[in-house]
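A.B. asks: These came from TrEMBL, pasted as-is:
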type	residues	note
DOMAIN	70-198	domain 'Adaptive response protein AidB N-terminal'
DOMAIN	225-328	domain 'Acyl-CoA oxidase/dehydrogenase middle'
DOMAIN	342-497	domain 'Acyl-CoA dehydrogenase/oxidase C-terminal'
DOMAIN	503-610	domain 'Acyl-CoA dehydrogenase 11-like C-terminal'
């Protein structure tokens, strides 16, 4: 024992194991000990030789992390889509250079935004209330970058006519996964600019519009969107309590409580409120709402008539400040177009369309990014004697993710194409109807699919996909908001239903050229709609979600087939269309056949959900 204690060894970590093993093997109870101990490995290092593990070492194997490469060059479908619809060398060159900048500069900023979330400073050191939201330096750099790269401006410069929106959204599609969620304030900024433009750029909004669409970082503004109140959510008509008191100079003072304000560090905001008469009375419901514009800060950068109650502690989107605000006489609020007083909900329709498109772009971009990382990782990670890319089941999983991503991309880009045609006066009546219908369809469908695809993508990294410091879990947390913001899946499904009820004839014939599987689903959808109108009230409401999914899948199938039929299409384009059409394209029809939308089962559904324990 004395010799063992004083014997010098190269690796102290093995001294305990080797020394104790040898000591016990010579003791009188050796036979008992040996029965309880595993055999000592024959190839274990001796005390004289080097050992692989020690206090200062963790072994010789280190897993290579997935490498982000230029996301533009790594997206064959995006390049093919642009070659077909926007074959501009300037656009190609811009996106190529921007892709390099994302890899070597911007992606690191996005990670910094995640690890350095915003903080609220309520008081200064001398006790004065300041309500200052402190964001990371990277968040500030994202704002400058957004101006320089024209991430909002491209949509208003319209250099490429009706395809300018497609160009803008393609750039945002590349930017979004690296942006540290800065695409959210950009969506609201774009929406605000569109509302101002639609209502007429004049008076106090003239400077605002110029700043919102500027490429100069020193002039560029972002906009907030303060619609949600404690009673509200999507039901702004009954949930908005904010009161607007008219002032002698034509402005208003706003008083109310905004429960959820995203990108609260914005320079200006659009918000809903109810104009009070001389007796302080307001008009209830949606018809009493007006839309207001307000600069959030004064010349010294201090908030005006606003108290920041707290920052929200969210599941995801932690990079972006989201706050509860008390509007305590917010000054210099202007009613946007006095002729629209009491028509606030109608005024924000354009904004909702655009922000929902932004939401869909972010959803598809998240799907594409996790796939780009997963396929790179599959070349670096080996399991059971071969790289992941050589395991058929793993490749089948990635293929399914790829097909879903391609379909979602084409759906979103078609909506972008439609809004571009509308803004430039090229939209037909069919285009206008399709834009109205497909905007909520694309938003609800891609929002849900992003969660599923990104979750599957994280699984492809094994345990590392669950480790925070890899940055991967943030992708899934951030994706969860996409099915909630700007309307939940159920809310948008009912919106789709309202759209169809206005005109049932314009959508279905437009897909009559699709292949047999899509055509069969289309016939099934037509059959369902014809029968559904004869059903009791409430039947279609129960079917609304599956109906929206059916519309999405059928339309995506037609888009994939159309893209695969293009003369410049690849074999992969055709294969993606075939794989898409293998799934059930019209779930609303099959579910109707099994009685899923029977309104008589509602009491049983409620009893099932709220079943009380038998033991009280």
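Just so it is clear, glycine is given a Cβ too, placed from its N, Cα and C backbone atoms.
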A.B. asks: What is the average pLDDT across the domain 'Acyl-CoA dehydrogenase/oxidase C-terminal' (342-497)?
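C.D. replies: Here the predicted model's pLDDT, averaged over the domain 'Acyl-CoA dehydrogenase/oxidase C-terminal' (342-497), is 93.
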A.B. asks: Summarise the domain 'Adaptive response protein AidB N-terminal' (70-198) by DSSP state, stating how many residues are helix, strand and coil.
C.D. replies: 87 helix, 11 strand, 31 coil
A.B. asks: By DSSP assignment, list the helix, strand and coil residue numbers for the domain 'Acyl-CoA dehydrogenase 11-like C-terminal' (503-610), in that order.
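C.D. replies: The domain 'Acyl-CoA dehydrogenase 11-like C-terminal' (503-610) comes out at 76 helix, 0 strand, 32 coil.
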A.B. asks: Could you break down the residues of the domain 'Acyl-CoA oxidase/dehydrogenase middle' (225-328) into DSSP helix, strand and coil, giving a count for each?
C.D. replies: 7 helix, 49 strand, 48 coil
